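K.L.:
Pasting in a structure now, in structure tokens, and then I'll have a few things to ask.
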Amino acid sequence: MALWFSEQASDGHRLEWKIQKMLYSGQSPYQTIEVLDTEAFGPSLVLDGIMQTTTGDEFIYHEMLAWVPLATHPHPERVLIIGGGDGGLARDVLRSPDVKEVHLVEIDPLVVEVSRTYLHRHVAAFDDPRLSLITADGMEYLKRPDIPAYDVILVDSTDPEGTGPGAVLYTPAFHQRVFSALAPDGLYVQQTGTPIYNPEVLKEASHSVAEIFPLCRVYWCSVPTYPGGFFTFTSGSKVHDLARPSRTASMPQGEWYTPEIHRAAFALPPMIERLIPPSARLSSASGANV
């Protein structure tokens with residue numbers, strides 16, 4: 001009999017993956033952690049029953065979360081990643097030769113340990129001397145008085161479900177801490193999920209970011225293993241507009257990201273524009289050109 005993993009996207013819709021083998025199953029103080037060898041997408045990380053990353057399509061999400069801000073900031077030398085303990089985002093950040101230092105703050109060390117063992121596409125970052133791995137809560141880390149100013153801050157977290165470890169990372173209090181931790185021309189991006197099923201995540205996060213940052217933009221990509229396939233990111237910037245990148249030619253050769261995809265990612269359908277603040281819509285900018 002075939003073994004299937006099922007994820008409930010909504011009351012009327014679920015996603016299923018055919019499983020060849022359960023590679024790992026365990027419980028940390030924060031969450032249930034599983035690694036499944038899926039027939040279609042290879043080894044895949046599941047946290048609390050929610051698919052987080054798969055070997056087959058992780059590059060789409062990670063390249064878009066990493067390279068859109070790195071292609072925009074003129075000198076992205078110091079980067080902070082909150083979450084991302086699987087290592088995929090750090091790997092793609094470190095593929096930029098301009099990056100000199102990455103601090104990865106992960107609350108759950110077991111996610112790192114399990115990912116290093118089973119997610120072989122992700123693990124190159126952990127051996128890079130530019131990476132510092134910090135075991136801490138992201139919000140508490142930003143409260144430390146001695147942290148450096150960051151050029152780019154990225155949040156690669158679980159969705160803000162209930163009281164889970166990712167919930168605080170979508171609050172105005174957290175966004176204010178991020179703003180304070182950035183350099184004067186710093187910028188910020190976090191994943192804001194799939195608005196097809198969870199529109200409130202994007203709506204609340206984008207309005208919060210727009211209240212705190214001079215510039216807020218929302219962009220998207222298509223990730224087959226996430227519910228609905230349509231996946232969003234919300235950015236806040238003190239100076240630089242992520243929709244108008246200046247350094248796309250200097251970015252590495254990836255499997256998904258191109259300068260054209262970068263610019264096109266900010267073109268949003270009306271159903272998404274209605275969720276976000278008017279100031280965050282590219283169509284609201286004078287001389288907008290996608």
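Cβ from N, Cα, C; glycine included.
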K.L.:
Asp37, Asp86: which one does TrEMBL list with His62, Asp156, Ser157, Thr158, Asp159 for the spermidine site?
P.N.:
Asp86
K.L.:
What is the average pLDDT across the domain 'PABS' (2-238)?
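P.N.:
Within the domain 'PABS' (2-238), the model's average pLDDT equals 95.
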K.L.:
Here's one to test understanding: among the recorded positions Asp86, Asp156, Ser157, Thr158, Asp159, whose C-alpha is closest in space to the C-alpha of Gln31 (S-methyl-5'-thioadenosine binding site)?
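P.N.:
Minimum Cα distance from Gln31 (S-methyl-5'-thioadenosine binding site) across Asp86, Asp156, Ser157, Thr158, Asp159 lands on Thr158.
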K.L.:
Per residue, counting other C-beta atoms within 10 angstroms of the C-beta, which of the binding-site residues Asp86, Asp137 reaches the highest number?
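P.N.:
Highest number of other Cβ atoms within 10 Å: Asp86.
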K.L.:
Which one is it, among the recorded positions Asp137, Gly138, Asp156, that lies nearest to His62 (spermidine binding site) by Cα separation?
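P.N.:
Its closest listed neighbour, by Cα, is Asp156.
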K.L.:
Around the C-beta of Asp159 (spermidine binding site), how many further C-beta atoms are within 10 angstroms, looking at every protein chain?
P.N.:
20
K.L.:
Please give the greatest C-alpha separation between any two of the spermidine-binding residues His62, Asp86, Asp156, Ser157, Thr158, Asp159, in angstrom, as a whole number.
P.N.:
16
